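K.L.:
What follows is a single structure, and I will ask about it in a moment.
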Amino acid sequence: MDVLKISPRGYCYGVVDAMVMARQAAQNLDLPRPLYILGQIVHNQHVTDAFKEDGIISLDGPNRLEILKNVTHGTVIFTAHGVSPEVRRLAKEKGLTCIDATCPDVTRTHDLIREKAEEGYQFIYIGKQGHPEPEGAMGVAPDSVHLVETMEDLEQLTLDDRDIIITNQTTMSQWDVADIMKRAMELYPNAEVHNEICLATQVRQEAVAEQASQCDIVIVVGDPKSNNSNRLAQVSEQIAGTPAYRIGDLSELKLEWIKEAKKVGVTSGASTPTPITKEVITFIENYDPNDESTWDTAKKVPIEKILPKVRVKK
């Protein structure tokens, strides 16, 4: 079957850096044990499972602060999504060793909020409710940051039209953000705009927008919790007009989606392991609706192939 490998796709530099830092921590026997990740280092269950094999425990909970309250000793790794200053303070009070894997793009947004909130600015922050990145950003200045996910959320805000900054979560759909920002500027014409869609998110979305129309269907390989993966499927359907399905790995691919297709596009989120995506691509390339021997969708990627290799520090 004809497969269009939509590029760029897969890991971004922030994800790779975060995973390398966590793997180096696992190899560093001088670090206090246990080793914990507050949440998922990146939003991919395969990565979480692989780190468990490395001896790193990924903790889950309603938010980072509640998770941390249950940690009494050891080392904590802050995920690529960033954490609030309150989380950092509590970790320090508990005497925990901290490793910060926050993506530099997220750190830049935190710095903006911190600096401008001190000057009295209010923030309209476009992001996804319940996602850890907005949680961390809002925690920088809780009284100054107003989370907006939809146009309805925006309309319900009542802010003075002065000293306002409009910014956003780094992994949102750039088209959704643009629409909400446009309306926000109509409501608050004196506001400053700081568009923080990260470059990796932007170029992956643009690639889908430009290339998906060549395909009958698009498969996005990514975790259900991965906002950037879900947005890629959204871009395919809403911008390119091509039906799209998000799958965690090959085992979630349904053959009825592709059996009538002449060309299938495949892309993947910024936190999706390359071997997981390659397995999907190889399967679809070899798939023949008339040959049952090509229908096996069992995932076969070994867990030791999931994480990037790192050099052992001497």
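Each residue, glycine too, has its Cβ placed from N, Cα and C.
So Swiss-Prot has the following annotated:
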- Glu133: active site, proton donor (ACT_SITE)
- His43, His81, His131, Thr170, Ser226, Asn228, Ser271: (2E)-4-hydroxy-3-methylbut-2-enyl diphosphate binding site (BINDING)
- His43, His81, His131, Ser226, Asn228, Ser271: isopentenyl diphosphate binding site (BINDING)
- His43, His81, His131, Ser226, Asn228, Ser271: dimethylallyl diphosphate binding site (BINDING)
K.L.:
Cβ within 8 Å of the isopentenyl diphosphate site's Cβ centroid: which residues qualify beyond His43, His81, His131, Ser226, Asn228, Ser271?
P.N.:
Val42, Ala80, Glu133, Thr171, Asp223, Lys225, Asn227, Ser229, Gly269, Ala270
K.L.:
What whole-number Å value do you get for the CA-CA distance of Thr170 ((2E)-4-hydroxy-3-methylbut-2-enyl diphosphate binding site) and Glu133 (active site, proton donor)?
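P.N.:
Checking the Cα atoms of Thr170 ((2E)-4-hydroxy-3-methylbut-2-enyl diphosphate binding site) and Glu133 (active site, proton donor) gives a distance of 8 Å.
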K.L.:
Roughly how many Å lie between the Cα atoms of Asn228 ((2E)-4-hydroxy-3-methylbut-2-enyl diphosphate binding site) and the residue listed as 'active site, proton donor', rounded to a whole value?
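P.N.:
With the alpha carbons as reference points, the distance is 12 Å.
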K.L.:
Report, as a single number, how many Cβ atoms besides its own are within 10 Å of the Cβ of His131 ((2E)-4-hydroxy-3-methylbut-2-enyl diphosphate binding site).
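P.N.:
For His131 ((2E)-4-hydroxy-3-methylbut-2-enyl diphosphate binding site), the 10 Å Cβ neighbour count is 19.
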K.L.:
For the binding-site residues listed here, Asn228, Ser271, which shows the highest count of neighbouring CB atoms within 10 A?
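P.N.:
Top count of Cβ atoms within 10 Å goes to Ser271.
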K.L.:
Just name the most isolated of the binding-site residues Thr170, Ser226, going by other Cβ atoms within 10 Å of its Cβ.
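P.N.:
Counting other Cβ atoms within 10 Å of each of the binding-site residues Thr170, Ser226 gives the minimum at Ser226.
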K.L.:
How many Å separate the Cα atoms of Ser226 ((2E)-4-hydroxy-3-methylbut-2-enyl diphosphate binding site) and the residue listed as 'active site, proton donor'?
P.N.:
11
K.L.:
What whole-number Å value do you get for the CA-CA distance of His81 ((2E)-4-hydroxy-3-methylbut-2-enyl diphosphate binding site) and the residue listed as 'active site, proton donor'?
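P.N.:
Given the Cα positions, His81 ((2E)-4-hydroxy-3-methylbut-2-enyl diphosphate binding site) is 5 Å from the residue listed as 'active site, proton donor'.
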K.L.:
So what sits near the residue listed as 'active site, proton donor' in its own chain, CB-to-CB under 8 Å and at least six residues off in sequence?
P.N.:
His81, Gly82, Val106, Gly127, Gln169, Thr170, Thr171, Asn227
